[in-house]
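Here's what TrEMBL has on this protein:
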type: COILED; residues: 244-271; note: coiled coil
type: TRANSMEM; residues: 321-340; note: transmembrane segment
type: TRANSMEM; residues: 352-368; note: transmembrane segment
type: BINDING; residues: His369, His519, His523; note: Zn(2+) binding site
type: TRANSMEM; residues: 388-407; note: transmembrane segment
type: TRANSMEM; residues: 416-434; note: transmembrane segment
type: TRANSMEM; residues: 446-467; note: transmembrane segment
type: TRANSMEM; residues: 479-498; note: transmembrane segment
type: TRANSMEM; residues: 510-531; note: transmembrane segment
Amino acid sequence: MSTATDKAPEIRFRHVRRRLSTNDDSAQDIRSPSCRRRNQSLEALDLSTVSAKQTLASLRVVILSYLADLEYRLSQLESPISDIGIAEMFKSKGESKVEEIRVWAKVAIDMLQSIRTDVCWHLPGLHLPDKSVEEFVKSHLPDLPSVSSFNDMRSRLPDMPDVRSHLPALSMPDITSRLDDVRSRFSDLDFQAPLGYIPTLSDRLHSLQAHLSSFEFHSSDLPSFEPNSVLSDLLDSLLSSELLTELSDDVTEAEDMLERAARDITRAVSQSFHGSRLIQYVDLPPQWRNNPFVTGGYRFIPIEKWPLIIMSLFAVHNETLNIYTHLIPFLLWLINLIPLLSSTSLSDPPEVAFLSFALFCLFSSVLWHTMAGCAHPEGMELCARIDYVGIGWLISASVGTVVHYGFQCHPDVGKLFLLCCLTTGITGNAFPFFKWFNDPAYRHWRIAFFLSLAFSAVAPLAALAHLHSAQQMFEFISPVWPSIISYLLGLVFYATHIPERFLSPKHSHWLDFCGGGSHAIWHAFIVLAISQHRAAISAMRPGIGCPAVV
């Protein structure tokens, strides 16, 4: 501890232009309990197998440990002058200089907390039972010098009297150079969020270093201190280890997949003369292949030529009947739903709700089959998922009409089951947006999912049988059976690819010309089922054992 007679240190601020990263403006101090002060022992990590994720987790552990130590030391400078041991050294400089030190420390703490929040968010965390971080580092980075613990690590650093006891080694040239090395390796890879964050992390550590370097101490009592090389050595060992080799292999494999996909799309666009002619099934990229039994008549139009996609509604191709089997009934029922365009407008709210969801289902189907010929993978995928959402709401609305009319004598029970219908509808909204859902390999799982939504009707029907009788329940539900049978028959065609799977090449060219295969047949059964369910609504309207509803 310096005395009042000691030579006061010369303190000055360097005018260093702070290098801001892209996240600095928007970063907020979001303090997650799991990312505040890190314990130096991370028993929760499990790195029994080596993977790319573990490499990034290693980087996370190292950076969080360093930031925690840095925050602890800076927080002492941010505290009131009476609480720190360097008060006498700064007293001769006046309160204004002390306040500058506090502001400097506060800004540094805010910056490192923001970096820590981003590290916690972007870099994966793993769990290591029965291992401390020291054991983890030693087992996976054998080239690192042996350091028994982080406390021992600190004890190996030179003693830092006075201000040095409260400040970490603030120079990080080696650290930033290592991160620049990582950045150069992954600069073109934006498809993996953790890897895409590495350049940003490098920039933000540069910004923190620039701020820390803007403050200097000049005193004969304060020894010049060496850069803190522990974190630098750790990153160096990490970069030279086998972990990075596997990470690079993973990245290369993912990059190759993207390159192959891009080549396939470019080749298909070329085959279609940029959307001006139809191509064969074998010309399609794998993501666009849904029915191997339809071998030709495919559109493949670049998204930039979106007018061609719209105009393909009026062209002949293998989606023509798939589009018009739903577009025509959509337009006719839409006119029937609009009072100004129809003399027989609907007045029953449940029927209006059912028809609205049915129209949404038909429209989403038209949208999907129109966009199925779009060469933009994200746009095509999105429309396919919207189509699934429409199917889910149609099923939930169909069950909802049965619940509404069946529980008129028991409205409280009816409201409970209507809430269940809403839940199934929301589930049908969410599941289609899982990555696996639109994969052709999971086609039968999709069918099972929508069947499970339909089977949600079993619970309210069982409740009706309990509240009334099984005979009354079956009599009430009997008008709905025709629509159920139509849905199931259409589903059989959809699932089995009948008839196209049995057609010879001599006859299958008609499917390539305008469609008309299993999918169009399924569409026709859906339209029939919707029409039959509307007729069933009129029969169910009186309910069970209740006066007829006028």
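Cβ atoms here come from the backbone N, Cα and C positions, even for glycine.
In TrEMBL, annotation is done automatically, which means it is predicted and not curated.
On the structure: features taken from TrEMBL.
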residue : record              : CB count, 10 Å
His369  : Zn(2+) binding site : 27
His519  : Zn(2+) binding site : 25
His523  : Zn(2+) binding site : 25
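Comparing 388-407, 416-434, 446-467, 479-498 for CB pairs under 8 angstroms to the transmembrane segment (352-368), the maximum falls on 388-407. In this model, the coiled coil (244-271) carries an average pLDDT of 76. With a threshold of 8 Å between CB atoms, the same-chain residues lying at least 6 positions outside the transmembrane segment (446-467) that come near it are 388, 391-392, 395-396, 398-399, 402-403, 406-407, 409-410, 413, 417, 420-421, 424, 427-428, 431, 437, 473, 476-477, 487, 491, 494-495, 544. Using a Cβ-Cβ cut-off under 8 Å and counting only residues 6 or more beyond its ends in the same chain, the transmembrane segment (416-434) has close neighbours at 385-386, 388-389, 391-393, 395-397, 399-400, 403-404, 407, 449-450, 453, 456, 459-460, 463.
Same-chain residues that are not part of His369, His519, His523 yet have a Cβ within 8 Å of the Cβ center of the Zn(2+) site turn out to be Glu319, Leu321, Asn322, Ile323, Thr325, His326, Ser365, Gly515, Ala520, Trp522.
If one looks beyond the transmembrane segment (479-498) by at least 6 residues along the same chain, the residues whose Cβ comes under 8 Å of a Cβ in the stretch are 291, 293, 398, 402, 443-444, 447, 451, 454, 517-519, 521-526, 528-530, 532-533, 535-536, 539-540.
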